Amino acid sequence: MNIFRLIGDILHLVSMYILIMKLKKSKNCIGISCRMQELYLIVFLCRYIDLFFVFVSFYNTVMKITFILTIAYTIYLIRLKLPISQTYNRKVDNFKSEKYLIPPCLVLSLLTCKTYNLYNILWSFSIWLESVAILPQLVLLEKQREVENITSHYVITMGLYRAFYILNWIYRYFFDDKPYINVVGWIGGLIQTLLYIDFFYYFALAKWYGKKLVLPFNGEV
């Protein structure tokens with residue numbers, strides 16, 4: 001494991017910690033998309049199905065279990081934990097993932113998986129789904145327009161986690177004994193990173209001018 005992968009994993013954990021602390025301290029989930037969290041739970045469950053039959057390393061196993069449990073706990077806080085759950089607005093967090101994201105990702109997984117077995121299909125599906133899982137969150141923030149400081153830091157940290165994973169892939173391609181090639185993962189990671197760029201742009205402007213982060217609203221989704 002190289003430094004870029006380690007930093008990426010740390011940033012991913014930090015983003016989860018930021019979100020959970022925001023929920024528990026503020027006692028509300030305004031501006032947080034539970035639909036995005038649910039998509040990530042699907043991503044982790046599909047990708048880490050190998051937990052049941054493959055042991056890579058202690059670190060790998062611990063991280064996989066941590067990601068699954070943490071995202072499940074986050075969903076619990078938003079959906080069920082009072083008083084946080086009382087602030088969840090289902091009418092606003094209404095991106096139709098089951099219509100616009102899951103079916104296309106499933107089709108792509110069938111077209112791009114290496115072999116037609118359950119593990120490879122689920123792994124490919126998880127890559128494509130993660131590449132667009134941020135969309136419900138971005139759409140929700142666009143509707144809300146004014147973004148809380150801690151929420152913006154959560155989204156930025158998520159974007160940085162993915163950016164370091166791309167650096168990890170580049171490093172492995174040039175420095176592994178056998179060049180690391182993962183076309184599906186590369187394309188998925190690139191799509192995911194591109195989706196963050198617009199948010200990064202407005203975040204940088206807000207910081208530069210010392211103003212609150214306010215996103216433009218382009219209509220209903």
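All residue numbers here begin at 1 and follow the chain in the order shown.
Placed from the backbone N, Cα and C atoms, the Cβ positions cover glycine too.
Sequence annotations record features per position, and here Swiss-Prot assigns transmembrane segment to 3-21 (among others) based on sequence analysis.
The topological domain 'Cytoplasmic' annotation in Swiss-Prot covers 22-35 (among others) and is backed by sequence analysis. Here the topological domain 'Cytoplasmic' (22-35) returns a mean pLDDT of 94 for the predicted model.
Annotation source Swiss-Prot lists transmembrane segment at 36-52 (among others), citing sequence analysis.
Feature annotation from Swiss-Prot assigns topological domain 'Lumenal' to 53-61 (among others).
Per Swiss-Prot, transmembrane segment is recorded for 62-80 (among others), and the stated evidence type is sequence analysis.
Here Swiss-Prot flags 81-99 (among others) as topological domain 'Cytoplasmic'.
For the transmembrane segment (100-113), the residues of the chain that approach it from at least six positions outside its boundaries are 39, 42, 120-125, 127-129, 132-133, 135, 184, judged by C-beta separation under 8 angstroms. Annotation comment: Swiss-Prot describes 100-113 (among others) as transmembrane segment, evidence class sequence analysis.
Annotation comment: Swiss-Prot describes 114-120 (among others) as topological domain 'Lumenal', evidence class sequence analysis. Outside the topological domain 'Lumenal' (114-120), and at least 6 residues removed from its termini, the chain residues within Cβ reach (under 8 Å) are 49-50.
Feature annotation from Swiss-Prot assigns transmembrane segment to 121-140 (among others).
Sequence annotations record features per position, and here Swiss-Prot assigns topological domain 'Cytoplasmic' to 141-152 (among others) based on sequence analysis. If one looks beyond the topological domain 'Cytoplasmic' (141-152) by at least 6 residues along the same chain, the residues whose Cβ comes under 8 Å of a Cβ in the stretch are 18, 21-22, 26, 30-32, 92, 199, 203, 206, 212-218, 220.
The transmembrane segment annotation in Swiss-Prot covers 153-171 (among others) and is backed by sequence analysis.
Under the heading topological domain 'Lumenal', Swiss-Prot lists 172-183 (among others), citing sequence analysis as support. Tertiary proximity for the topological domain 'Lumenal' (172-183) is limited to same-chain residues at least six positions away from its ends with a CB under 8 Å from its CB atoms, namely 2.
The transmembrane segment feature in Swiss-Prot is assigned to 184-203 (among others); the stated evidence is sequence analysis.
Residues annotated as topological domain 'Cytoplasmic' in Swiss-Prot: 204-221 (among others).
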With pairs restricted to those 6 or more apart in sequence, evaluate whether the transmembrane segment (62-80) and the transmembrane segment (3-21) have 3+ C-beta pairs under 8 Å.
yes
Top stretch among 3-21, 36-52, 121-140, 184-203 for CB pairs under 8 A with the transmembrane segment (153-171)?
3-21
